[in-house]
Each structure stands twice: as structure tokens, then as C-alpha cells.
Amino acid sequence: MASTSGIKDVGPPRSLSRRMTRGSSMIEPYAEDNAAVDSELVPSSLASVAPILRVANEVEKDNPRVAYLCRFHAFENVHRMDRKSTGRGVRQFKTYLLHRLKKEEEEIKPRLAKNDPTEIQKYYQNFYEKNISEGQYTKKPEEMAKIYQIATVLYAVLKTVVPPSKVEYETEEYAKDVEEKKEQYEHYNILPLYAVGVKPAIMELPEIKAALRALRNVDNPPLRKPGDRDKSANDILEWLSSAFGFQKGNVANQREHLILLLANIDTRSKSLEDYEELDGHTIHLLMDKTFKNYCSWCDYLHCKSNLKFEPGADRQQLELLYIGLYLLIWGEASNIRFMPECICYIFHNMANEMHGILFGNVQPVSGGAYQAEALGEESFLQDVVSPIYEVMRKEARRNRGGKASHSSWRNYDDLNEYFWSDKCFKLGWPMDLKSDFFVDSDDTLQANGVSIQLDTLQFLNNSVYHTCISLEMLISKSPSKAEHNQVISGKKKPKTNFVEVRTFLHLYRSFDRMWMFLILVFQAMVIVASHGDGSIFGIFDEGVIATALDLILSFNAWRSLKSTQILRYLLKVTVAAFWVVILPIGYSSSVLNPTGLVRVFSTLGGTWRKQSLYNYLVAIYLTPNILSALLFLLPPMRRSMERSNWRMIVLLMWWAQVYFMDAQIWYAIFATIIGGIYGAFSHLGEIRTLGMLRSRFDSVPSAFYERLVPMQKEEPKIDPLIPIALDMAKDFKGKEDADLFRKINNDDYMHSAVIECYQTLKEMLYDLLDDEGDKMIIKHICHEIDTSIQMRTFLSKFRMSGLPSLNDKLEKFLSDLLADYDNAENYTSELIKDLQDLMEIIIKDVMINGQEILDRAHSRRQDNDKKERFERINIRLTQIRSWKEKVVRLHLLLTVKESAINVPMNLEARRRITFFTNSLYMRMPNAPKVHNMLSFSVLTPYYKEDVLYSEEELHLENEDGISILFYLQKIYPDEWRNFEERIRDPKLKANEKDRTEATRQWVSYRGQTLSRTVRGMMYYKEALELQCFLDFAEDNEIFTGYRTVDMNKDHRVLKERAEALADLKFTYVVSCQIYGAQKKSSDNRDQNEIDDEKGQKVYYSVLVKGGDKLDEEIYRIKLPGPPTEIGEGKPENQNHAIIFTRGEALQTIDMNQDNYFEEAFKMRNVLEEFHKDHHGERKPTILGLREHIFTGSVSSLAWFMSNQETSFVTIGQRVLADPLRVRFHYGHPDIFDRIFHITRGGISKASKIINLSEDIFSGYNSTLRGGFVTHHEYIQVGKGRDVGMNQISLFEAKVANGNGEQTLSRDVYRLGRRFDFYRMLSFYFTTVTVLVVYVFLYGRMYMVLSGLEKKIMEDATISNNRALEEALATQSVFQLGLILVLPMAMEVGLESGFRRALGDFIIMQLQLASVFFTFQLGTKVHYYGKTILHGGSKYRATGRGFVIFHAKFADNYRLYSRSHFVKGLELAILLVIYQVYGESYRSSDLYLFITFSIWFLVSSWLFAPFVFNPSGFDWQKTVEDWTDWKRWMGNRGGIGIAQDKSWESWWDAEQEHLKHTNTRGRLLEIVLALRFFLYQYGLVYHLNIARDSRSILVYGLSWLVMITALLGLKLVSMGRRRFGTDFQLMFRILKALLFLGFLSIMTVLFVVCGLTLSDICAAFLAFLPTGWAFLLIGQACRPCVKGIGFWDSIMELGRAYECVMGLVIFMPIVILSWFPFVSEFQTRLLFNQAFSRGLQISMILAGKKDKTQYA
């Protein structure tokens, strides 16, 4: 790396004084105490100098002067790159670097020589000789890679410092050697493919070698580099790269990917012996999986596959070429990876081109032969990917940030489905950029001040070892950045196949068969009720609805439909019309005959010729339905017909329908019963306590070995029961050995424990003693014991009474042996004393003839030996970990008593132990060896969440004086005590810094942080290494211990092999979306955008591997543009990370999840599920796993959410998976068949807005493409959930938004059409609404106010009218939330016992769980309906921190005003009106139950946010909330005023959806608002002043009153604005006149017209809804209202209503806050679970904590 800095040939380098002048700038962001800050905070435009600064930091300790020269060189490069410091952050960086260099120039002098040129040259030579010459055969590849990088940078610096004439020959030779070999030592991910010298164990695996040989087979046909026919390619991927222009990083990434895939698949098909080359079946299997979707695409389009194999060619090589080509296309496709059929099209053409290059084929268009020319590295990106990306980008801009209708732009699915027809072949190859797919007549218009800015995207590894990714944005030359501010308008292309129209009619269109069935049932009931009188209801036919909806909702897509599709729609209309006409005609002709059922039985034996025309038509109409029923009973036949392309079968399946009906309430009961039965048969909850575990402990080892050990070894049966055996022997009164041994042998574990204790003590004493005579004594004693046992004379030669004292002395000896010591002499003397006491007890108190053994030993002793017995011991053994572990084990065997029945005390430890043990008895595949298991990756997307809490965050107090650390100390008191005991252990020798770091980790591992997730996922690697060790280790190695493998050189090879296989089988990738911005910011939450002089950003997918201190870049793949501009953030993040994952399976993990070491042991088992057949020949494509919600102990709300979520991820998904078979992917931690999904669009969908719930769409996609989803509960992963009321509501709103978008999607439509009738019903009945409550109350209000209800009740002919009551009674139970609790109670009963389930249910009701669930139901309904009608879906960040703070009233009001408060007050008014004016069934119990349930719903919606708000009824908080709310209501809005600062800003933002909705949405809002006029219309006729008049004049006069009141308010508003400041007196006079006028009118009305106080109350109930209707209509017609100048009036009217609503809701809170016991009761109610575990919430919320807790 040469650098032209302008230095002359002679003399030392220039001093800083001769450099350019610098501008003043702040240097605070670059703290000097951070050694690596200058290399890690380099602006992106100066990224090339970062390696130089890193090297400076590396050599700082060895030679500070050389480090100074490196920084000097970096500074010159920076100045040359940006002389004017125009780039963002450049000036600050240069200022900091110059400041540091000036300081170092004065302080640091050369060490090796007198001047800098000689200094750096000597240092370079020394560095080469020490690290490269000597280290290349001893150091690992990753170490050598770092060394070569340093050497390269040092030489570049050297060339700028040393004149060319002064560079020594030896230096140049060293530099040449470095240049030649540095490529062999590049940083690597998993496989160091080019490493020389010491190779990692993974490169010595035979399967890796075989896969590498297969890739390097370039002989048949010979693969010559294009442009250089004499030079052969090194491997097939290199040839493909040169032939098609793939990027170097992509090629390197896919090379490793393909090698690992081949090695992992091949290793399962053969043994390790005689492993030479890949099995042909391996490549064939991989090819089948890779190209199954491509072959299906070719079949669908009736085109011939381009997977061609010429006779005589090496088929294996061609198969690898095709696989490699597909992977290279996929690896560089960027956002196009979401379009699998587009990738099929690209591969189809490139495979044909490749075949032509290899075998000299003729081009189909030009007729010329294919010419193999060397293409540039980015040719594929520029010529293929970028044009398609630009089309996607243009369409995404039409979205206008989610504000445009789905029908106005084409999303990923629309663009992908363009390639579902043969029209795509018109694009040609190379693609014609003038074709209709690319060319558009759009114009670009400036967006209304909206600037789309994208942050730097990077992925980083946050674990110590494993790989991660980064999407990194670099700066390059460029077009203008104005294009970021443009949206696309003008003529647009039509949607493809489907149009996502915002309407509730999608529910009817997608599930038309269910509604058809309902209509048929209704029709049948009407016919039966009509008694054959020819009622007109008999002409109803269901075909009209489905056909009309198909035509209406698909109208915008007609322009893109093929003629056959249009014909199909027209035929549907024709046939539906035919049935509409012909069925009524046939029915009318048979009216005079007996009714249908009677006629069927009466003519059952008659001739078919005598049947009526109607019966013939019914038979024809029902034939397809009978066929569907048969197909349902014969699933194999149905599947084969569904996949068939026969015209006749397609025709039959078109009409096939089966009718059946279930309902939401019955589904809940069904799911509870079936889920309980399935769970019981799955052995769930068989071991749920430690007592149950102990009762089955004898079978646990066999279950463990059967499930988790591939090859069973001899089972060691060991249990700490020595104290019991001692008591048994001490108290034994018999004289026969057999009786004593029989007692001990009755318990196998006691017998094993006695043997282990004896053998361990014998070996330990023999090792410890240094004197041979002492060893001989031990040997004689042991011989005496063994002989006596064999001869059955044990009791006659040993005294059992001496065993207790022996046990006590042995315990003391072992304790002293384990103790730490500073003085070896004192330690040794203490041990000798203990040992002598121990031996004395054995010889004199226990053994009868022990003195004889001692005398014999003395007789052999030499006379000159004056030392006592047992004085010579080897204390060095105490420093050997493996030997010390034996001592610890023996100590436990002797000391653990029956008090261990309650060990462990920690509840979480108990839960984990019982679940793990219980899972061993559940149905799971047997574990294969690690060598034979499926390989897998784990992928975690990360955005801006907490990684590791800082020390400042631990002690930062909230407004109540509570810190995170103090809070967690109270939540987890036992864990905190254990932690303190560990961290203060003198053995650790931890300093204050170590303790602080450990505390940070302790807190972070109990929050929802990335560090917790990374730690949990890395358990997979630890478990695999241990399992691999157990697979290959011999008995002596296992006995030595896994932890001591590194200490034994002979066993170290086994350890390295275990690590290699773990790397082969497992990869962990953390996908950090904006790591680059966070890394360059002093605050991890800041975002920086850096532009160079020309302003374009270039985006890369970068794989970064965490090194010892700094990151190591492995692969860099350039992208066509900003990735997240096209789709949703999270799925795009996953998409750009997935190319760096490895293996055949992929587990998706969120960053708020956790894993457990014991659960990681079962990963081998669960991956075997992919090999199991389900329902015929189908193998799973997604494995669903259960989750454990670990945030349930924080508060009552967290407990509710934990139970609800637990029931969903267990019994809910259990039933969905089997028997309903409608389970999809509901988030993490499901495991995907990776190859299946990367060839079919990935593990999520990413279209803006419509795919907001990206997870479930991957399940839809998998099912629609022939996949199969299962659910498994023998393994679990931890999961955090939201713990505060507002957090939970935001989460539910996000889910409801996603559900609304799903309803509009093509995926739901297609599933509803393709599922059989039962699966379709199960799919539908997962969404609930409370619409029936509104219908019921408005209907009753109409009946009451119109007098219809009274008329009906007075009609003697109507004896009973309770049908609707009884239906609503069931609904009311549902509204109470009881039905939702049924599955939860069943699951708790299964896993924890039904007694606990009953107790939990009672406690939950006492803690108002029904209030909480009813409130959340309102959240779902509001956001679901709003999304369907107007859109506005968006990702809502809920925050994953600890919530223990008080939410202000204004905050709650802003969040819940529209979703709950308005609706609750509306229902309350309806109930009041019905209560006051209703005359119906007042004595009915059902009436009371129904109204009570709705009142309960109202109160829940109005007051739940305050009931579940910490300190919600504290008087001081209430006063502060009132002040804050008044300030918020009074503040004026404006540009830049936040919603939480001004009511006007919030009110305007609440109408955002109306600004962008379409005309249909506005009209629907107006229609819905008209319901509020019913109040006035009905109530004014019931006023006393109306005197029972029914004249229209009464209604007219009511409008006069309403208009007068509004005009009065308008006058006051205008007066305040115009006269309130300058004409204060006039304004007061105006208000006085209005007040006097009002009093006069009211007096006249009371005295003359008979107005009463009840009329006043009724008028309020009548006119308040009318004003609200005016307000809603004004908001819907905002442009018109603004045009006529009434918008300010509408705003003031809205403010008045908000004030009234706020007062109505706030007053009960004020009243309850007067009573102190209410606040105390609320605290107990909220934090009851925490109280039971020692949490002192009352102290916490008061801020009265003991500061010493932090010590």
C-alpha cells in the first residue's frame, strides 16, 4: 500500500508544525482515555484510515513512537481525502487527531534508533521475524490474519517515512513475502479455506475435505476463466463469478455456505471410515430441495426446465454448478429474495446461458454462439438486480409512508406474481429495460415536505465468538439526494391477481363458503317456517354474494388478468345467475307438493322419473358438496386431486364445498377440552413438583439416556444417601452381614453411593500420601475390608458404633482440604493432624484388629526413620482441578442430608428442573450423534434495544426514587443474595471493576436485553461441544471430566474436535440494523447520517466477526440501494442477514428471548422432527416450539399477560397444529426448514404496511406452498413480554393493526379458498368482536323510544320474546372474559395441578383479571376496525424495560380516549336511556345479567387504565395529574409542538387517518356518525314539555334549540378571539347579555311551558350525541369545513367535549383518592405476586428505600 504524502527522499518526516492549519472544533466526543476511540469513531467517509489507527493501537505498548508514526500517516491520508473538512464529523475527527499528535510528538521519542526512519524499519523487521517467521507454524489462522494485517499497514507507513533509497533489502524481502502470503491469512468466518501452517480441527474433518474437493473439480467439462482460456478456475464458484460478474464477497460467502451444506448432508449418509469423496446421493438430495420450487414454476408455466445434463459430462459437477449458480444469484439478490419466482426467472435464463457457455449452444434469439467474456465484479448487480430493485423502489414510493391505499401501488407480492405467467418471458434475456415491467410513464412530484432519511445500516457480532452481520453504508459518488424527497404519482401499473381494498367485505369474500352455509341454513329455516306457502325467501341463493364480491374487489386487477381468468369470472356470474333464476322457478312449481323432507321420505322408493324439476336441480347443485364431503373423509385422495392439473378435476374442485359451522364460544370450549386431552396424552405435567420428581427418580436416568444419549453407556447410579446408610449401619443390631447388606441393597442409589464414597476415599488417600509405608497401610486396610465383605465377616471385624465419629472427622478433613490457604506450612500441618486423627479412628475405633496392621507396618520400618506415620502428604494435588472436584463430590456425598428435599429453594430453578425432567417422558425423537444431526443457525434481528445496562443506568432513579438495581434486588432477593455470595468469594480475587461488570451482567440477564439473548443462544454451542465430547470420549476420559480436557495434551484433540463439530453444526447471527450509526455516536441511541461531497450513500451487507478487541470484517456484498426503503424494517433486516446463516435449519429468535442450557441439549432431538412424515408423505417445514414467559413475576399485569401468552403458545398452538392443522408462524422461536424457505421467499414477508405482522405471513406462505407446520412442547425457549398497562395496550394495538392488514391480504383469501371446510372454519374463528353489543343496545333503544317494545309486550299473541336475551346471556359471559380463561385454566391445571389452577383463577378474578382482559378486547376491536377502514397501521415501539412508574392522567387519556373512553361513554348513555325508558322484561333474571355484563364492560373500558396504574389513587399524584391535564388542554398547538405538550397537536394527529383515507372511508365515517342523531329524535318525544305529542314540529323545535346553543357557543368563541384582549369590557357585556337571555328563556320554559328537571337531564342525553355527530362529520369533511371557515368552531367544540369527558372520567378518581386505604389496596392488587416473593412495593412507590442496599 503506497502512499504519496510528498515526503522528500532525505531527512526525517515533517513535523506537525509544517502541516496545514486547522479550524477550531470541539473534541469532547473523542475522549483521550479511550485507547481505541480514534479507530472506532472514524467518519464513514474516512473509513479507509480505520485499519491504520487500529494498528497504531495494537503496537502502542510495544513501541509508542511507531504508533505515533501510524497516526501521523493516517492524518495525512485524512487531509488528502477531505482537505476542506466538508464531510460530517471530519472536522471534529481531524481536530482530535491533530491534538493527540502534537502531544505525542513532544512526549514520545524513538527507542530502537535515533531517528524515525531507522526506528520504524527496525521495528518492522523485528515484528516480521518474531511473529511471521516464527509464528506461521505455531499460531492459529485467526492470529496470523491479524499479524499479516498489521505487517501490511506497517509497511505502508514505513514507505511514507523512509526514503526509497534508504529502504533496506531485508525489509523489501519481508514485505514481498507478506504481500504474497497475506491472502492465505485473511479473516474467515467458520472455514479458513486458505490457511497454511497450523490448521484448525474443522479443516481436518473428512466431510469438509470431501466437499472442498468436489467444488474444486473443474475438469469435465473443463472450466476455463473467460478472457483467459489458458487458465483454469480454482473452483466452480470462481468460474461462475468470472462468467457472470458476481461480487467477490458473495462468492466467498456462498463458497463456505455450499461446503458446509454438502458436508453436513453427506456426513449423515456414511461412516467416518474410508471417507474419500462426496456421495452422489448427497448432491442429488441438495439439488432436489434447492430446485423443487423452480421445477414447480416451470411446470406451472409449461416451460422446459433448464437443468440440462449433457451425455458424457460429469453429472456431479454440473449439479454443483447449478446449485452454486442459484446460491450466488440468491446471495446477491438483495430485496429480490422476497420474490422467489423472480429468482426462478433469473436462474432459468442464467442456467441456459451457462449451459451454452459450457457446451457451445446457440442463442435462441440471435442465433449466434454464447460467448464467454470476463465480466466485472458488479456486473450481475448492475445489470440484473439494480433494474428490478429500482422498479420496487419506485412502487414503494407510491406508498407515501403507509398513507396511500394498497390498491395504488404494487408490493412484493404483485411484482413477484408478474412472474407467475408466461408474460414474464417477454422481458427477454438480457432483460429489456424498455419492456413494460421496467418502463413507466410516471412523473416525479415533490413530497409535501417529507424527507425520507435512512440511517447507516450495519450488523455486528455482540457475542465473543460467533459471527454476525452488518449492513454497512459507505459513501461514494452519486446522483443528487433530491430523489429521496420524491414520491411517485401519475399513471400506475395495475395490481396483479389481487387487490387489497380496505373494506370489511374481505371477511365475506375470503370465507364465502361459511357465509353461503349460513344463508342456506337461514333459507332452510324460513322455508320450514313458511309451511310451504311459497315465501319469497325461498329464492335466496348464495352464489350471488361470492361472485359479486369477487367482481367488485378484483376490479382493479382486471387489466392484468389473462383472458382465461376473465372468462372464469364471467362464467361464475353466469352460473350464479342461472341458479338464482332456475331454483326459484323449480321451487315455485313444487309448492303444492308436500314439503321437502316429507317428500324425500314419501318418494324414497319411487322412480326417479317422477321427481319434480326442483328436486333435480337440488341434486345437481348438491353433487359437488357430496364430493367435497367424500374428499374430506379421504385426505390422500383430496391432496392428489388438489395437486392435479386435469381439467375435469379442476372443474369438480371448483364447486366442491362442505358445510359445517362452529362458533367462537364453542371453539374456546372445544380448544380447552381437546387441548387438555392432547396435553394429557403428551405427558404434560406428569412431573410438576420436586416431590413428583423424587417419586420417579429411579426412572429418570434411563429416560435421560433413552432420549438424549445416542449410544447408551453403562448408567451410573449415584445418589447422596451416605448419611442414611451410616445411621442404618450404626443402629444395626443384627449379627449377620447379609441382613445389613440386604438393607443397603434395597435402595440401588444408596448402594451406589456407598460404593462411590468408599472407592473415592481410597483413591484420594492413596494419591495424597507420599510415603510408601503409609500407602501400604491404606492398602492393607482396604484389603481387610474387601476380604471381610467377601467372607461375610464384616460385622465381626469392624465396629459399626465407631462410624459416626469417623464420619465427623472425615467431614472436617475434607473441609480443611478444600479450604484456601496463604501459608502452606500451616495448611499442611492442619491436614496432617486431621489425617492422623482420621486414621486413628479407623484403626482403633472401627477396626477390631487394626493395631495389628499398624504393628506390621512399624516392623518393616527402618530404624533411622524418626518421622511419624501419615506425616508426608502431597499438597500439590489440591491445585489440580479434576482432583479437587473429586474431593468436592465426596464432601457432598457425606454432608447432604434429607433436608435437601427443598433444594433448590429458587422457584425458577425448580421450574426448570421439573420441566426438563418431565420432557424426558414426552414423545420426542431419539437424539442422533452430533456428527449426524442436522446443522442449524440462529438469527436474531436487533434494532436499538438495550444491549447491556451501563453502571449509570443501574443506579439511575425514576421520579419515585427507584433504580433498576434496587427494583431487581426486591424482585429476586434470593438470586441477589447468591450473587453477592459468589462475587465476594475471596477465591475470585475480584476487584471493584470486576464486581461492577458482574453486577451489570446480573441486572442485564434479568431484563429484556440483547446480552441475555446472546448468552442464551450460545448455550447451543456449549451443549454441542459437551455432547460431542460424550459421543467420542472413552470411559477414562469421561471419568477425568469434560472441564479438565484442556489440561491433558492427549485429550486436547478431543476438545478441538468437539469445537470443530460444534462450528460445523451451529452458527449464530445477530443482525444489527443501525449498528454503524450507534457505533459512531457517543450515545448509543443517536443516529448519524454522513454524506460526502456528492452525497450518495452506498449500502453493503457486511459480515463482521467479533475478535478479541475489535471487529473483523469477513464478507462485504454491495446492495443496489437502501434496503429498508422497500419494505418493513424487521423482515428486511432478517432478509439481509439470512445470506450469512448456515445449515439446513434456521431458528428465528427475538432479542427479548432467552435460552436454557438444559433445553439446548434437546436441540438434536427436535431437529429430527424434520425427518418425520406427517399426514402421509408430508414432512414439516416449520417446527413450532413453546415459550416460557419469564416476566410474569413483575406485577399482576405481567402475570396476566404471562398466563395469557403461555396458554396461547401451549394449548392454543397445540390445538391449532393438531387436530385443526391451521397453525402458522406466530413469531419466534420456531425452526424453519431453511432450504425450503430460502427458495420460496424467505422466513417472512416485507411489503410495507400489509405485512406489518411479518411473522405470520411466513406461515401463510409456507402452507400455501405445500409446507406443513407442527408444534412441539418438549422443548422451550424463554420469552419476555410487556409488563405495564400502556406497554401491553401498545402491543395489542400493534397486533390488532397486523390482524386488520391480514384480513385484507391475498394470503388469507387464498387460504380461505384452499382449506377444506373444517380448516377454513378453524382459520376464521380466531377473531372476535363486540359489534353485537352495539347492535343489541341500539336496537333496544329504538324499540324503547319508538314505543314498539311496549306494543310488543302488550300484545297477548306474543307469549315469549327471550330468544335474543338468551343469546346475549352467552355473549355476556364471553364479555366477562370467562371463556378466554378456560384454555388458560386447563393449561395451568395440566402443568401445575388443577388445585393450583383453581387457586390461580380465583386470585386472578380478585385481582380484576376480567377487567384487564375486557379492556384489552376493546383495544383489539378499535385498532382492528380502524385498520380495515382507514389504514394507519404502523410498528409501535412498546419498550421492553421495567415498568414501575406512575403514568399521568393526560398520558392515559391520549392513549385510550378514542379506543375506550368514547366508546365506553356511548355505551353508558345507551344503558342509561334503556334503564330509564325501558319497560321490557324488568323482572327477568336474564335482563339483569345482560345489563350487568355490559355495565361491567363500560366500567372496564373507562377506568381500567387507572386501576392498573401504579399510585393511580394517590392524592398527591392525582393533584399533579390534574394540573398537568389542565395545562395540556389549554396549550395551543402548532408546527413543532409535540402531542404530549398540547391538546390541539394531539387532536390533529388523531385525525391523521382521515387525511389520507379514500372517499369510501369518509362516507362510511359519516354513515356511522348518523347513529348519534337517533338519540335526539327519540328522546325529544319523551320530554314532559312535549306532552306526548308526535308532531314533527317537536323534532323541528329541538333542532332550533340545538342550533341556538351552537350559535351561542360560537359567539362566545368569536368574542374571546376578537374582543378578549383589546375590548375586554365589551366582551364581558356580551357574556352578561347571553347569560341573562339564557336565564329568561329558561324561566319562561319552566313557568309557562312546563319544563321539568328531568327534561333538562333528558335534553343533555339527547343533544350531547348530536353535537358529537356534528363533530365527527366535520372531521370527516375537514377540507369542506375549512373552506367555509368553520374549522376553528369544530376544534373548539371538540375541546369542549374533551373537557367534559375528562371531567366525567377524572371525578371518580378524585373521590377515591380522598381515601388513603384505596391507594394501599391498589398497590396490593397490582403487586400481589411480588409481595409473595418479598417485594416491598409500598416502600418502593413511596421512595423510602435504604440506600445501603447498593453497597
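Backbone N, Cα and C atoms are what each Cβ position is placed from, and that goes for glycine too.
Segment annotation: TrEMBL labels transmembrane segment over residues 667-687 (candidates 310-330, 667-687, 1402-1422). Looking at 645-662, 1563-1580, the range tied to transmembrane segment in TrEMBL is 1563-1580. Counting only same-chain residues 6+ beyond the ends of the transmembrane segment (1659-1677), those with a CB under 8 A from a CB of the stretch are 1466, 1469, 1472-1473, 1551, 1554, 1562, 1565-1566, 1568-1576, 1578-1580, 1583, 1598, 1601-1602, 1605-1606, 1686-1687, 1690, 1693-1694, 1697. Across all of the domain '1,3-beta-glucan synthase component FKS1-like' (317-432), the predicted model scores a mean pLDDT of 85. Most Cβ pairs under 8 Å with the transmembrane segment (1563-1580) belong to 1592-1612, among the candidate stretches 667-687, 1592-1612, 1633-1653, 1697-1717. Sequence-distant contacts of the transmembrane segment (1633-1653) (same chain, at least 6 residues past either end, Cβ-Cβ under 8 Å): 1584-1585, 1587, 1608, 1611-1612. With helix defined as DSSP H, G or I and strand as E or B, the domain '1,3-beta-glucan synthase component FKS1-like' (317-432) counts 79 helix, 2 strand, 35 coil.
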